[in-house]
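S.K.: Supplied in structure tokens, the structure appears directly below.
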Amino acid sequence: MDEDSSMVADNDQDREFQSLDGGQSPSPMERETPQQMNDQSPPPEGGSVPTPPPSDPNPATSQQQAAAVVGQEQQPALVVGPRCAPTYSVVDAMMDKKEDGPGPRCGHTLTAVPAVGDEGTPGYIGPRLVLFGGATALEGNSGGTGTPTSAGSAGIRLAGATADVHCYDVLSNKWTRLTPFGEPPTPRAAHVATAVGTMVVIQGGIGPAGLSAEDLHVLDLTQQRPRWHRVVVQGPGPGPRYGHVMALVGQRYLMAIGGNDGKRPLADVWALDTAAKPYEWRKLEPEGEGPPPCMYATASARSDGLLLLCGGRDANSVPLASAYGLAKHRDGRWEWAIAPGVSPSSRYQHAAVFVNARLHVSGGALGGGRMVEDSSSVAVLDTAAGVWCDTKSVVTSPRTGRYSADAAGGDASVELTRRCRHAAAAVGDLIFIYGGLRGGVLLDDLLVAEDLAAAETTYAASHAAAAAATNSPPGRLPGRYGFSDERNRELSESAADGAVVLGSPVAPPVNGDMHTDISPENALLPGTRRTNKGVEYLVEASAAEAEAISATLAAAKARQVNGEVELPDRDCGAEATPSGKPTFSLIKPDSMGSMSVTPAGIRLHHRAVVVAAETGGALGGMVRQLSIDQFENEGRRVSYGTPESATAARKLLDRQMSINSVPKKVIAHLLKPRGWKPPVRRQFFLDCNEIADLCDSAERIFASEPTVLQLKAPIKIFGDLHGQFGDLMRLFDEYGSPSTAGDISYIDYLFLGDYVDRGQHSLETISLLLALKVEYQHNVHLIRGNHEAADINALFGFRIECIERMGERDGIWVWHRINRLFNWLPLAASIEKKIICMHGGIGRSINHVEQIENIQRPITMEAGSIVLMDLLWSDPTENDSVEGLRPNARGPGLVTFGPDRVMEFCNNNDLQLIVRAHECVMDGFERFAQGHLITLFSATNYCGTANNAGAILVLGRDLVVVPKLIHPLPPALSSPETSPERHIEDTWMQELNANRPATPTRGRPQNSNDRGGSLAWM
């Protein structure tokens, strides 16, 4: 049948499926009335929809059109506090034929899918928006675009619900209708969809036959020709429902919440762990105050694992204005928290999507034929600042403007977003909206807005947040979102048991940068803005490194396939299996229960030692001890991504960067912690014969050592140096040097690799370290990094430096000789059998230390296994909320590993701490996995652009770990022409202030990427 005659207007009650909501026996439903389902009243006079300004149809500008169309009204301006909600404009998208476009519809979904492959390579597919399902017709108006025959009887025809798929290519600005292989889902509307990698997961909804089954349908878009799959899920699940929400949390958990099961609105929470097979739904009972039973809300997940549920309509058909955050504790508990800030309006049947830390909310209905309009039709919840903004200002009280029944006129930009039952998705900094319903008229327009604040979370925003939340009611989180885990605070206060003590960063941030790094993981998407060229250069350089190692990785994988390498039962994140279906490699959450690590012995000292960066003046050489909780930037790793054009990296020059080089002569010439100056002449002071002698002596020592060194405390641990010999000398000067006049007689030295490349003085660095190894072979220890490989350091500066400073013939010979020595370097070090030190990480393949011990040396990267690749190349995931294995943004085939892998490894090997290097971190050190892993980086201002601090770890006999830091030096006052080390353009992101800002007080909120002991949600 075409209509459900039982559905009649009933004041403000939405009985869209009366036989379902009313508890009567279900029967097929085929339409909804706008008064009931959509709460719409008649369209504007004449039945027309305001015509948006035309866009440039020129295909040549299609890639920039979406950003340009919003840029006209959003000129750069001085921002004091959070930016207001952006303005939307119409995109004039192209299509080859009419049916390629989705046409008018509502109740559909729009899902952003990241790019596949590398741009410029065969098979590359750019970022896309995938539109599925929805209702395409209204009762009394089959076309859905004109004036209905009667405003009161115009309803949504569920007989017109579809299961078609349309794809919008963001780069080409073009719609295409897809015809995937496989069995599609049944036609439906009011369903949910979310992306899992390059797959779109569909669930629930309602169609011509009533409620859709609870099956999970997956549209795999990895290949050129998409394919539908049905996911087999065991046990009971959410059951059939519509008007619910679903999101992927922490890149792992599919969360389904609320909706209507045909009888009543719901408030239940279901989770499906995509890493655990067989798949099964688990009903959660989160702690804290959660949302009431409701439907037509929105849910969007932030990249760090926070799910935000916003708005909706409760069991009494009352629209909601509240927002709730849901996050997972490290012990497996889930908890709700009410989001701070004042929402500008209640709403339901709206759309919401995160762009970094900002939740963009658009449109929505209020009931009684009213829709959200005026400046509140578009709103932003800035989760970094803890405030709501509409298109005009920060919201301090609910808006009380008019909510007329579809009144025409007014601001055209506001009119564009005055709609409900539409869908939204984000690609980079761009927010797209498609379709929906306004005044009984189905819409078919594609809107776009640019979030100019995507990379901004300013100091002023933090102050605005604090001011806005001064009078927050009980149960709300004041100021910035932050959920403090009291158990970890107690742990910090009871450190006498010897546990690893974790603190929260609070110290003067480098560069005065107060913003929380909440960049999304999927850096592959275009439009992601970075605040400086330096970070872009580091991203490009890291991608080039991955490109350089790709052949080696492919060879290692080939050996694995041929049976030469046996891997444990794990896979590589979302890599494709032979069947073409992406798999997941995260560990079951209940396995964490068996991963307990006895917190005895090792602990992180509650204070770190910091040296002022100034070389003179009142602060010159001043040493301070700061609380370990005072490092604002500890959670900020220099992000990696895949830039649009990653080419072979060139040598980076920085007049601050240096490195070392044979025994007593080398030590006498180079070990000058306070007096070393970069040589005026670049000619290296050793000849190739002397370097050969040094390498021969050191190589004999390395060959006699085990692959995993067995060391004792006390010991100093150094991270990446990358040819920055000046930083090595500064660390020796401030915290003791390896000489008889220094502290070598009572403390050992351990270096974690990456001695060469990037900096100007790789020869000095490696020469001095080798000389120290020969002179103090039982006290100075070196292990291998990923740059101690010929195929890498041929591209990133070391080979060029050898030729430049020793001539082509001798330079190439020396480069080959030192790389042969690198093949003998040990690969890890165990300290007191409680700490394991390595360069990269444990990746996907390393479960036991014995796997590392069994690697035979000498070994080249080309001949190495996946174990060697993981050991030298893998990284931790973005933060503690991202568990299991994920693809590594450094490049294809490389992985990141989550805190569950760290805990499992420590438990398997009776270890308490992993110390690794490999990644630039802003404070020189960074904690992960509740403090069971520390990333260490000793070179400051990495690549001349990162402006990061450098650090070492000092482990005492009492097994207390003390971080000791140095900050980047300010640029030299001498001119580039007269300076021995020529000034290079864009060396610094910005100059450091002559006087650093005052140290913030203890106890300030942690940033959202905290790797310490508390759970910072927002």
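Glycine too: its Cβ is placed from the backbone N, Cα and C atoms.
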S.K.: Swiss-Prot lists region 'Disordered' for one of the ranges 469-493, 994-1018; which is that range?
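M.R.: Swiss-Prot lists region 'Disordered' for residues 994-1018.
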S.K.: Looking at the ranges 569-590, 877-898, which is given as region 'Disordered' in Swiss-Prot?
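M.R.: Of the candidate stretches, Swiss-Prot labels 569-590 as region 'Disordered'.
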S.K.: His839, His848, His967: which one does Swiss-Prot list with Asp754, Asn786, His918 for the Mn(2+) 2 site?
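M.R.: Candidate in the recorded Mn(2+) 2 site: His839.
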S.K.: To the nearest whole angstrom, what is the C-alpha distance linking Asp720 (Mn(2+) 1 binding site) and His918 (Mn(2+) 2 binding site)?
M.R.: 6
S.K.: Based on DSSP, name the secondary structure state of His839 (Mn(2+) 2 binding site): helix, strand or coil.
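M.R.: His839 (Mn(2+) 2 binding site) sits in coil per DSSP, no helix or strand.
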S.K.: Under 8 Å between C-beta atoms and at least six apart in sequence, can you list the same-chain neighbours of His787 (active site, proton donor), or say none if there are none?
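M.R.: Result: His722, Gly753, Asp754, Tyr755, Val756, Asp757, Arg758, Asn793, Phe796, Phe798.
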S.K.: Taking His722, His839 as the binding-site residues to compare, which has the smallest set of other Cβ atoms within 10 Å?
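M.R.: Taking His722, His839 as the binding-site residues, the minimal 10 Å Cβ count falls on His839.
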S.K.: What does DSSP say about His918 (Mn(2+) 2 binding site): helix, strand or coil?
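M.R.: Coil, per DSSP.
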S.K.: Across the repeat 'Kelch 1' (149-195), what does the mean pLDDT come to, as a whole number?
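M.R.: Mean pLDDT, the repeat 'Kelch 1' (149-195): 85.
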S.K.: When DSSP states are grouped into helix, strand and coil, how many residues of the repeat 'Kelch 3' (306-356) land in each?
M.R.: 0 helix, 26 strand, 25 coil
S.K.: Using DSSP, how many residues in the repeat 'Kelch 2' (253-301) fall into helix, strand and coil?
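M.R.: Secondary-structure breakdown of the repeat 'Kelch 2' (253-301): 0 helix, 30 strand, 19 coil.
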S.K.: Quick check on the repeat 'Kelch 1' (149-195): DSSP residue counts for helix, strand, coil, in that order please.
M.R.: 3 helix, 19 strand, 25 coil
